[in-house]
Amino acid sequence: MYGRDPWGGPLEIAADSATDDDRSRNLQDYDRAALSRPLDETQQSWLLGPGEQKKKKYVDLGCIIVSRKIFVWTVGTILAAGLLSGFITLIVKTVPRHHHKPPPPDNYTLALNKALMFFNAQRSGKLPKHNNVSWRGNSCVNDGKSDSSTLFKDLSGGYYDAGDAIKFNFPQAFAMTMLSWSVIEYKGKFEAAGELNHVKDIIKWGTDYFLKTFNHTADTIDRIVSQVGQGDTTGGTENDHYCWMRPEDIDYERPVIECHSCSDLAAEMAASLASASIVFKDNKAYSQKLVHGAKTLFKFSRDQRGRYSNGNEAEMFYNSTGYYDEYVWGAAWLYYATGNNSYLQLATTPGIAKHAGAFWGGPYYGVLNWDNKLAGAQVLLSRLRLFLSPGYPYEEILKTFHNQTSIFMCSFLPYYTSFNRTRGGLIQLNHGNPQPLQYAVNAAFLTTLFSDYMEAADTPGWYCGPRFFSTKVLREFAETQINYILGKNPRKMSYVVGFGNHYPKHVHHRGASIPKNKVKYNCKGGWKWRDSKKPNPNVLVGAMVAGPDKHDGFRDVRSNYNYTEPTLAGNAGLVAALVALSGEKSVGIDKNTIFSAVPPIYRQVRMAAAKEPVCVTGANGFIGSWVVKTLLEHGYTTIHLSIFPASDPSHLFSLPGAAAATLLIHEVDLLDSAAVEKAVEGCAGGGVFHVASPCSLEDPVDPQSELLDPAVKGTLNVLAAANKFGVRRVVLTSSISAMVPNPAWPTATVVDESCWTHLDYCRQRQKWYPVSKTLAEKAAWDFARENGVDVVAINPATCLGQLLQPGLNASCAVLLQLLQGSKDSHEYHWLGAVQVKDVAKAQLLLFETPKASGRYLCTNGIYQFGDFAEKVASLFPEFPVHRFTGETQPGLAACKDAAKKLIDLGLNFSPVEDAVRETVLSLKAKGLLGQEKPSS
């Protein structure tokens, strides 16, 4: 039965016999009320008196009464257990211990250990004591010092690219980015392989060198080093390709090549520093140094547009085919490194993605390599969508990138025919061309990584058309490619030097092919080692050679670099693929480290009480960019940005306030009414700033199609859309070209808002821009009257000031030409000048002021162009500014307060001198303005 322990809990009393059991049951039948009364003396004596003198059946333990049998059995059991425990302890103490060894490392881990050693063998400069490559020593420690033409005097360090001693920053930066990416994703696997500190040391050797190749402490730069060493093979001078020497013995001059317009290289170097900053995030000072350098480089890449290899020696070796893929790649890495939304906005700009080739496919679509990083960027940004899902306004392009990633993952599978394979199974991502392995290892890394992404996101697989594939097929693909490289191929040869027993012995590599025998072989003296049939005296451990041909054939010949030369970029991809496949399959990616700097995604939502949505046409132009900047400064957080198709709006996302706002890109041809409506439809109750209009200093070939139709029909399309969607007000950017020239205007009478350009006069002289602006503004007023649309027009003079946009606009070109000695008097379209920021402020003032109506001349004064030229000449006497004589605009009356209507609304104009100075500084910063005139 169960009673109650006075201290709480069940109290079990075992029944020894039927009598006891009956007694127990009978006790339960007693009147409970009687039991609650005090016991009388007889009852107490009966209960408490001594019992019979015989062995007790129960043992009283004080707090509990138990059966004697149970008590004896329990005590005996405890004693027996104690003896047994002691006996076992004695055995354990006296018998020798056997430790179970962990399972041996898999082939991928073994190959990883070796692949990393290749980077030690490629080091330039003064080597660390722990370099562990016996046949290497200090080399090229005077790089930079021997070239008087460069500003960078310490360029020691970094890595030799391949079998020579040239340091190419472009592939080297890609290699460092790939290594950093692999560490960020698979830090635990590197640690398990005992290689984490090693790979971080390799990365830092590269990033330390990059910091020497530009002014990394500055915010703005105008040059970077692209290459150290020379590859001329014609035999004219001793150089790194013509000579066959150990790097330690090089005594010839090594030129330094700089570039001033190299968007691809700068953006790739920015990616390498940004990704490395995440690797070294625990070293705060160094990580911040890398981030600052990355931002400086990326800004340089945006300011100075061009391909680094255009027209120089690098074109023969590492020719870059474009820079928009590096924009997406670099911006993605900078977003992860900084958490700054402006970089994410740039990376997801449709126009940039389009120029990068994201939407057209092609034979190399999805193939990641040192030249094209689009596939890597798409995988990297798919990660963001899978794990953080930032949503609007990034979702559309992120979803596109994710879908495209899924498509090229399908193309790698053997079920599809996008790429051929050798009979041995090696995928031909470069379509049968030489050196295939570097492409295969990158694909192996991406497929394994994407597989791990999906598994971490609890996604079992993906669709290729109607067919579903599990994530394991991607890993299987990667394994087949890496296994081929490690020896599972028709030749049974490992293409990684030092792995296995059968690997290339005649690697195309100067340092490995020349013995370290205390003999210094000069430029031509080393040729005998180049041409020797003997195996290399030094084993270049871990080097992945270029690889077999499309028939699985391989020639182990030192002189044939298409088979036997390794590269930094190739080995970086190999390391990334090996670590991804190594170790336990259950160990996946580090899901969170890459997001360390990314703020909570919902901090990006629009602030409460934000102002009404607006649209800016021509948003990435000179005036349009300043309008966007001014709107952001005044609390407008939803801005629809209408830009011409395929033009670049990325600079807008770097404007102050852009990160907290919603900037929506619309690629719009103003002649396409449907596209215009799409840009305007989200602005109900808000406003439209119609800035876009074609403008050029060159005479048009077809005025109707080039100027008149876009200006007039484009304006009418914007107004029609504004009317359809209930826009509150349209601010129309017209021009002083809709006011002058007008020979009928009374001489000595100040031009004001009542003046219109004389159309016939302009047509006769084929001055089509004034015609286009006049017709467009008049059409706008007609439409406004007929449809009741609230329109206000602003007529700016020649706009000057800082160029926010990458290129040169027409009005700033007027000043540029003047500084360069132009004698053009601009007779037909001059009324004065104005600071562009004042134009933008005026536009906002007109939008927000209910009483504003009609036309508003916007200039800080009316004066002759000759007077303006005189002012510029006095500000910048070092430039050959032409001095005009007489009136450049005959009969034009000067006036300081010509923009009285705007002044009365509260606008204060900046001095024209400030506008000129800011324009000149901006032109210089962008490399558009050359040196001053030579002294006589």
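The chain as shown is numbered from 1 upward.
From the backbone N, Cα and C atoms, a Cβ is placed for every residue, glycine too.
Automatic, uncurated: that is what TrEMBL annotation is.
As stated in TrEMBL, the feature region 'Disordered' covers range 1-26 out of the listed 1-26, 209-234, 417-442, 911-936.
When the active-site residues Asp556, Glu565 are scored by other C-beta atoms within 10 Å, Glu565 scores highest. Each residue contributes its Cα atom, and for Asp556 (active site) and His508 (active site) those atoms are 9 Å apart. Taking the Cβ of His508 (active site) as centre and 10 Å as the limit, one finds 26 other Cβ atoms among all the protein chains shown.
Geometry remark: Glu565 (active site) versus His508 (active site), CA distance 5 Å. Under the three-state DSSP scheme, Glu565 (active site) falls in the coil class.
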